[in-house]
Amino acid sequence: MGNISSNISAFQSLHIVMLGLDSAGKTTVLYRLKFNEFVNTVPTIGFNTEKIKLSNGTAKGISCHFWDVGGQEKLRPLWKSYSRCTDGIIYVVDSVDVDRLEEAKTELHKVTKFAENQGTPLLVIANKQDLPKSLPVAEIEKQLALHELIPATTYHVQPACAIIGEGLTEGMDKLYEMILKRRKSLKQKKKR
């Protein structure tokens, strides 16, 4: 991918919103990325926000401003405000909670249909892959009907275990790559 600093200015921070149903593991992902260790969390009432300079992978050194928005039903109407004008969306899914995948799908499709979010790169983190009975990535992709998202939405499904950090670096690298491609595409459209 070349020199990262030529792709994103050192002074620029990517705006990333983390969404998903309650108990999917969003806050665990956030603090694993920030501290590179497990931090015991409590349900998010409202949101958490952190500026994090990524420390691993292709996106190493890139500064990101993360917004981790609570996933309880009463907080979901706020998702639209927090996801407006974002560089990327991370949608965390509990790979074991099969009973709530339909609900996760409905909420994800709502978010990606907001006019402001059309075409925004999407990283789906299939969390809790370390647990027995976790669904494989292909099944999660199918259950979430990702193929039905608008064609402009690029996405990647990343198997992960937020508690130990497995898969998070790879997922962030993929999200960063999708953000760069989108920016390049938007820049080319402006030139026309």
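Note: Cβ is positioned from N, Cα and C throughout, glycine not excepted.
Feature annotations, courtesy of Swiss-Prot:
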- 20-27, 68-72, 127-130: GTP binding site (BINDING)
- GLY2: N-myristoyl glycine (LIPID)
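There are 12 other Cβ atoms within 10 Å of the Cβ belonging to GLN72 (GTP binding site). Other Cβ atoms within 10 Å of the Cβ of LYS26 (GTP binding site), summed over all protein chains shown, number 28. The DSSP secondary structure for GLY20 (GTP binding site) is coil. In sequence order, PRO43, GLY71, ASP94, ASP97 are the residues near SER23 (GTP binding site), counting only same-chain partners six or more apart with C-beta under 8 A. Every protein chain shown contributes to the tally, and the Cβ of VAL69 (GTP binding site) ends up with 21 other Cβ atoms within 10 Å. Secondary structure at LYS26 (GTP binding site), taken from DSSP and collapsed to helix, strand or coil, is helix.
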